[in-house]
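Visitor: Have a look at this one before I ask anything.
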Amino acid sequence: MDGVLRSDAKVMESPTPSWGIRIYDVLLRFLGLAFTFVAAVLVGVTRETKIVSITISQGLPVLHLPFTARWQYMSALVFFLVTNSVACAYAAGSLVYSAAARSFKHNAALVLSILDLIMMALLYSANGAAAAIGLVGLDGNSHVQWRKVCDVFDGYCHHLAAALVLSLVGSFAFLCLVLLSVLGLHKKSK
């Protein structure tokens with residue numbers, strides 16, 4: 001063998017994700033945290049009171065009654081606010097773990113991936129519920145005699161629409177996290 005040592009040992013790749021994937025992971029978690037936080041705060045503080053004129057009969061005087069629109073009055077918006085708050089808290093915790101961990105253990109990465117998938121599903125579900133009730137508020141529903149409310153509470157509806165868009169961007173960040181996890185699993189399987 002002329003003094004040359006040969007080894008048949010295979011070099012195993014480390015289970016840690018590549019540096020680029022870790023940067024994207026931290027960035028996406030931060031974006032998910034920021035967008036779900038702003039969406040939750042925007043819905044939580046949105047409130048509008050208007051004086052509405054109501055005519056009961058031709059011979060009676062017009063009544064001027066104050067009405068207030070708040071997120072607590074619609075269960076879909078309560079679900080939206082709670083889901084964005086939970087996703088924000090999860091994003092904060094997973095961001096700290098993701099940024100502090102030198103390497104992901106296989107089980108920890110799998111748990112994070114599953115939780116990311118759950119948060120994504122919850123967020124898209126809450127976004128769908130809020131969008132559906134928002135469309136009823138915008139257009140009404142003549143079949144069940146629900147009237148439009150966004151022509152009266154226009155500022156309230158604009159704030160809810162902005163919160164919905166922000167929450168959708170946060171949901172997309174969680175979708176990208178799930179896709180990164182799938183990509184990492186695909187690379188490990190090769």
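Note: Cβ is positioned from N, Cα and C throughout, glycine not excepted.
Features from TrEMBL:
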DOMAIN    21-172  domain 'Casparian strip membrane protein'
TRANSMEM  26-45  transmembrane segment
TRANSMEM  73-97  transmembrane segment
TRANSMEM  109-138  transmembrane segment
TRANSMEM  158-185  transmembrane segment
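Mind mapping these onto the model and telling me what they sit next to?
Guide: Only residues 6 or more beyond the boundaries of the transmembrane segment (26-45), in the same chain, are considered here, and those with a CB under 8 A from a CB of the stretch are 71, 77, 80-81, 84-85, 87-88, 91-92, 94-95, 98-99, 119, 123, 159-160, 162-164, 166-167, 169-170, 173-174, 176-177, 180.
Only residues 6 or more beyond the boundaries of the transmembrane segment (109-138), in the same chain, are considered here, and those with a CB under 8 A from a CB of the stretch are 17, 32, 36, 74, 76-77, 79-80, 82-84, 86-87, 90-91, 94, 97-98, 146, 148-150, 153, 157, 160-161, 163-164, 167-168, 170-171, 174-175, 177-178, 181, 184.
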